[in-house]
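Per TrEMBL, the feature transmembrane segment maps to 85-103, 109-126, 305-326, 356-377, 940-963, 1019-1042, 1054-1075, 1087-1106, 1126-1145. The annotation Mg(2+) binding site is assigned in TrEMBL to ASP425, THR427, ASP879, ASP883. The active site, 4-aspartylphosphate intermediate feature in TrEMBL is assigned to ASP425. Taken from TrEMBL, the feature domain 'P-type ATPase C-terminal' applies to 905-1155.
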Amino acid sequence: MAGGRIRAKLRRSNLYTFACHRPHPTEEDKTDEIEGPGYSRIVHCNKPHIHEIKPLKYCTNYISTTKYNFLTFLPKAIFEQFRRVANLYFLLAAALSLTPVSPFGPMSMIAPLAFVVGLSMAKEALEDWRRFIQDMKVNLRKASVHKEGGVFGLKPWMKLRVGDIVKVEKDQFFPADLLLLSSSYEDGICYVETMNLDGETNLKVKRALEVTLSLDDDPTFEGFDATIRCEDPNPNLYTFVGKLDYNSRVHPLDPNQILLRDSKLRNTAYVYGVVIFTGHDSKVMQNATKSPSKRSRIEKQMDKIIYILFSFLVFISFISGVGFIVKTKNDLPHWWYLQVPDREGLFDPNKPLQSAFYHLVTALMLYGYLIPISLYVSIEVVKVLQAIFINQDLNMYDEESGTPAQARTSNLNEELGQVDTILSDKTGTLTCNQMDFLKCSIAGTAYGTRASDVELAAAKQMVMDMDGQGQNGNGNFSEKNGHEFAGPEIQLETVITSKDEDAINNKNPIKGFSFEDSRLMNGNWFKEPNENNILLFFRILSLCHTAIPEQNQETGVFTYEAESPDEGAFLVAAREFGFEFCKRTQSSVFVREKYPSSQEPTEREFKVLALLDFTSKRKRMSVIIRDEKDQILLLCKGADSIIFDRLSKNGRMYEEATRKHLNEYGEAGLRTLALAYKKLSEEEYSTWNDEFTKAKTSFGADREANLERVSDLMEKDLILVGATAVEDKLQKGVPQCIDKLAQAGLKIWVLTGDKMETAINIGFACSLLRQGMRQICISSNLDAIVQDCRQAAKEDILQQITNGTEMIKVEKDPHAAFALIIDGKTLTYALEDDMKHHFLNLAIECASVICCRVSPKQKALVTRLVKEGTGKITLAIGDGANDVGMIQEADIGVGISGCEGMQAVMASDFAIAEFQFLERLLVVHGHWCYKRIAQMICYFFYKNIAFGLTIFYFEAFAGFSGQSVYDDWYMLLFNVVLTSLPVISLGVFEQDVDSEVCLQFPALYQQGPKNLFFDWQRIFGWMANGLYTSLVIFFLNIVIFYDQAFRLEGQTADMVAVGTAMMTCVIWAVNVQIALTMSHFTWIQHFLISGSITMWYLFLLVYGEMAYSLRVNAFRVLIEILAPAPIYWSTTLLVTVLCNLPYLAHISFQRSFKPLDHHIIQEIKYSRKDIEDGHMWSRERSKARQKTKIGFTARVDAKIRQLKGRLQKKYSTMSTCHHPIGQQQT
């Protein structure tokens, strides 16, 4: 494209003051020798084969984020399975089942264990295979690589080698860490987007060495030969030390020449580079950590329960052993019919201790049903099914990208319901890198009538509050007074907004421009009394920037490649106001200005004399231009605090009004900048320019300081023109999502590589910060760091942390909110062992925390500090390679899959397309999964205790003989068939409330972080319930069947009849119990619960007809023995009722006198009060949110308090004015 060719010929370095100037080489320039540990890497350019053999055998460009490979899968997966305590126990039991002491056959122990472990390993393999597939998508991307003879061809990323020459074109990712050789610009400049690495959206300028600029075409690489000596692989993204040996000269290398893997080429047609670091040696992969093996808190707590049960198992086995000693020593010699001692020596009255030991082993296996082996496999099945429901949720499906939610691992489903702190990346996660020009203040007059989201929500809520107060009659103001005073202030925003919405609906929205005000649009600004200031304002917008215009050949409309979204929004605004930036040359900027008096726009040329670019330290940007009238002007834009300090006495005419507007814009959540100018004489400019040129061409450690000093000399005595207010376009639904998460009681931290100002502005846009919130900014003394006075710097930071903590302690206002803001350099000290807990304590006390300029490693370290320091569950969410460390370090890692780059997704546990889906993932699926898994596990232990203890009671009843009351087949089928499916349905389908109610009552989520359904009180309560059930089942059956006839023929019950009757009672009791536990029934639950009971009777019918039943004395046990006896059915009914009566009484009492939140909601929904009484439903909804000081709701509440304060003040003033008159009349 012609435009692209013209743009490519610009010598872009002339535009940059600080970042990109290349000093002229001097005789004094020397390259220090790079040697010693950490600086041993040698790269032979254009000779990749050399690096495939020793001693220079470097790693390939293949990357892997999987947990396992072909060789390690079996040992690592088996280790993972036997980290589980229960599996270890059953492995030991399976080994013992091969010995004579076993009360069961070997297959009854080995088969279930093999099935459980095999199924779990298969699930792990499937999940890791998915990670492998995503890795391969990256590894198989194509790159253009020099083959030979100046010919380039495509090669997969994984086949790249150190030394390869690579050509990367616009909007492509760099496949490895490259040394920039040349670019499409003649002076070797290229623009790089590092959003995936450090989260910054503004483009970075990289520059090639002058000596390699001639390598700007494919054929020039035919004979290219050079050697690079540089640092070894390391995780430091912002440093690089090396030297290039080319044409018998050595040239120093620095980070300006390095293009990092996974960053992106922007605004540059192409670049050539040589591969320095590949694969896991690249800096982005050095920042990654190995995929950790994560286990949920509930699973870890479940291990503790199994320890308790195992201890109890050993205890009752010991009792059984003692009882066996007594029986063996005293009674066994008299029982001659038992033929003791036996051939195996298991029962020998002469060796009671030896026999007791054998019996102890038998008892340990016999009572093993206390520890449910099927628990783990049932949980695995449930979690996989839960993950499928998450994947299939259409409310988390992104239609634009066609991306569904993805549970990449199902091990952590229940953790989603227990999150305490969310640590979020900013760029690409919260923001979509788009600004909209919304309002402005020019010469003390405010323009822009559209209300921001905050203003609109506050006005609507205020009206609702006033209406509610009028209806209830208990407001602070009477209905008349309230509306009398509130009307104008609220009407202003609601009415105007409705007009704006009508206007917007009638035309296509313009990206980056949401401004509405007829006074400035369509040339009407020319009629304003301050048109000269407005003209200057528009010119500052169109001239003070470093953007590049690109014209759409079809529409003729210009778009802009800007270093920041703010610049892009200003240029779009200027274009819409009639000042269209259309061309940039080496020394000029061209703007098409359209005045009302002329039909066609006039193209004006402005000479660019100097540009003082924006840095985070300067917080401003200036351009010196010469207009067509030969007038020299300095145009400046920057943070209002910086600009106001630099105004001249005569330039403060509009300061008071502008400050008022800026405060209003800030309260409305808008990002603001102040605009100013000053006129320069030729002599003034010439004198300054000589000094500026001298500072610019100097070379040394003080170059930056000199440039800063000279720039300060120019940027003073300014005249204020006005201010801008842009709305930061967050990703769709982000403010609402953050608001809902805040109402759910979650804490939200933002960790970003972006500069502090940008991070703060995003905090305001997300409502993590708001006007009136007190900011505790902790920063390090740069000079102290330069002088290496580490101790002094640490003491200073510690003092700042202490002061912040004290400030919070002494605060009396209950509505006061604090925000902690800290940068990466300071964080380096704050994360050291002797200071990190002070930092964490301060951070916990703050409503929101923003860490900016942090490296990927620091993100991971902060995440670890929060996780370990608070002991609570953390969730990290991000979209780029720079977020991988914190995603892997957090208890739960969530990757944004809708953005560029898949590194975050590949390292994550869950993937979603947009941040807004996090609300549903946590508040709905997290809440459900936590309660389902918690209730399922508690119920599992309940039913196994209820069943297992009856075996112990009977064994004691039968003289500690090791005899089980149940048939082997009964015990095998109990967990596998007879009770497994209802408990799985509980874990998959249970809902205390539906998804809409979860979102309407976010405070329900706190049941997870507070662990209400899996605390020790509830666990022991279920265990006690199991103990009670076992006692009722065993002793009632024994009492009823022991010594009375139970059939018409007068027969008494034998062991088979008692065991079958007892098992029937167990099946009925535990299935009725799970029915009482469930809150949500579908036909599936009804079918599975009734089906389990039916299955028991069908099994007895079939089993009684089998030949095997003759050997165990169970022939037609149901049809002929039990079914004809009324006492069998009446016993089943009596035992079932008595077993479940305490639980029924408990839940009845709890719902009546101490209901939980979901109990109240269930009652309201059941009685249809949510439909019949909307006011009550709304009142309950307003109660059901955690008190929070962040989020949109908190911001609206603050705005309402502010408006009410104004109304109260007005009311008080009017009352005071009327009071003296009343006195006079009296």
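Positions of Cβ are set from backbone N, Cα and C atoms, glycine also.
Heads up, TrEMBL stuff is auto-annotated, nobody curated it.
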When the binding-site residues ASP425, ASP879, ASP883 are compared by other Cβ atoms within 10 Å, fewest goes to ASP425
In the same chain, residues at least 6 away from the ends of the transmembrane segment (85-103) whose Cβ sits under 8 Å of its Cβ atoms read 109-110, 112-113, 116-117, 303, 306-307, 310, 344, 346, 358, 361-362, 364-366, 368, 371-373, 375-376, 962, 964
One stretch in 940-963, 1087-1106, 1126-1145 has more Cβ pairs under 8 Å to the transmembrane segment (1019-1042) than the rest, namely 940-963
For the transmembrane segment (940-963), the distant same-chain contacts (Cβ-Cβ under 8 Å, at least six residues beyond its ends) come to 103, 305, 309, 316, 319-321, 323-324, 327, 331, 359, 362-363, 366-372, 375, 378, 974-975, 979, 983, 1019, 1022-1023, 1025-1027, 1029-1031, 1033-1035, 1038, 1055, 1062, 1066, 1069-1070, 1073, 1139
Model confidence over the domain 'P-type ATPase C-terminal' (905-1155), as mean pLDDT, sits at 89
Outside the transmembrane segment (1126-1145), at least 6 residues beyond either end, the same-chain residues with a Cβ under 8 Å of its Cβ set are 946, 1025, 1028-1029, 1032-1033, 1036-1037, 1040-1041, 1046, 1061, 1064-1065, 1068-1069, 1072-1073, 1076
